[in-house]
Amino acid sequence: MEKINQSEVSEFIILGLCDSWELQAFFLVIFSSLYLITIFGNIFIVVIIITDLHLHTPMYFLLANLSFIDFCLSSVTTPKMIIDFLKEKKTISFGGCMCQIFFGHFFGGGEMVLLVSMAYDRYVAICKPLHYSNIMSRHMCIGLVMASWMIGFVHSISQLVIIVNLPFCGSRVLDSFFCDIPLVIKLACLDIYVLEILINADSGVLAAICFVLLLVSYFHILTTVRLHSKDGASKALSTCTAHITVVVLFFGPCIFIYLWPVSITWVDKFLAVFYAVITPLLNPAIYTLRNKEIKIAMKRLQC
């Protein structure tokens, strides 16, 4: 079969979540509401941390950056999905597709590393409290945030360089609501078996490594504190519950999408929705509902 250069592919056809207009109208209301809550919730956390001097600590500095990344991550695919609910023919340009892939993996990879940084911050605060101010200095915090952005960029650009040069021919249909690498590479007119393994491994291994590091960190926190205090484990767990909840709900879909893909369409779409729409909402919801200092800062803001 003659290969067609990717420059000749002007757009991809997106099938979306469903065919029913009634369901699409329902999803339009639901996802529009969730997106607005996500945007305003994450912006609110960033603003309240910046304006409240009591929250100028390493933990909340990292949290503010996490909220900003969630704000960006939710804006990569959700607005396009919401607009497509109003369209009968859903398409995305080749350039738009590549942008979704790049920024989705850029912000997603950055968030993975940032969550590891937040776990390290809690480890130092609980296991090495006397050295906390020295270890988690301003330079360290800025370095951790810069590292998350740099790793996210390298992870994203390494995949984009491969996929942007693939020759596409034949079908241009993506059975999803946004562009992602596992779906797009299936449209390439060449044998993608090895390429698919390499690309999925890139994302899956990054997610798995970060997830394992997080589990080890929190396990070490609980075991270390328990050795020093009878009630230490429960206190440490109370401190880290919000972090652990976000970690599990964020990494779960990532690992199953890239490391162990299930190849079942409705499951893939559910995981994609959870990762792209629900996960960025979890940050403001969990941290504002469970965090006493954020609640106190909100009361101070109202006064």
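Just so you know, glycine gets a Cβ as well, placed from its N, Cα and C.
TrEMBL annotations: computationally assigned, not manually curated.
Marked as domain 'G-protein coupled receptors family 1 profile' by TrEMBL: 41-287. Taken as a whole, the domain 'G-protein coupled receptors family 1 profile' (41-287) shows an average pLDDT of 83 in this prediction.
Annotation comment: TrEMBL describes 25-51 (among others) as transmembrane segment. Away from its own ends, the transmembrane segment (25-51) comes close to residues 17-18, 60-61, 63-64, 67-68, 70-71, 74-75, 78-79, 81-82, 85-86, 277-278, 280-281, 283-285, 287-288, 294, 297-298, 301 of its chain (Cβ-Cβ under 8 Å, at least six residues beyond either end).
Under the heading transmembrane segment, TrEMBL lists 57-76 (among others).
Annotated transmembrane segment per TrEMBL: 97-120 (among others), in sequence order. Distant neighbours of the transmembrane segment (97-120): 12, 59, 62-63, 65-66, 69-70, 72-73, 76-77, 80, 144-145, 147-149, 151-153, 155-157, 159-160, 163-164, 178-181, 184, 203, 206-207, 210, 213-214, 217-218, 243, 246-247, 250-251, 254, 275-276; these residues of the same chain sit at least 6 beyond its ends, with a Cβ under 8 Å from one of its Cβ atoms.
Residues or ranges marked as transmembrane segment by TrEMBL: 140-165 (among others). Tertiary proximity for the transmembrane segment (140-165) is limited to same-chain residues at least six positions away from its ends with a CB under 8 Å from its CB atoms, namely 6, 58, 61-62, 65, 69, 98, 101-114, 117, 120, 181, 184-185, 195, 198-199, 202-203, 206.
The transmembrane segment annotation in TrEMBL covers 205-225 (among others).
Sequence annotations record features per position, and here TrEMBL assigns transmembrane segment to 237-260 (among others).
The transmembrane segment annotation in TrEMBL covers 272-290 (among others). With a threshold of 8 Å between CB atoms, the same-chain residues lying at least 6 positions outside the transmembrane segment (272-290) that come near it are 17, 31, 34-35, 37-38, 41-42, 44-45, 63, 66-67, 70-71, 73-74, 76-78, 81, 104, 108, 176-178, 180, 241-242, 245-246, 249-250, 253-254, 257, 298.
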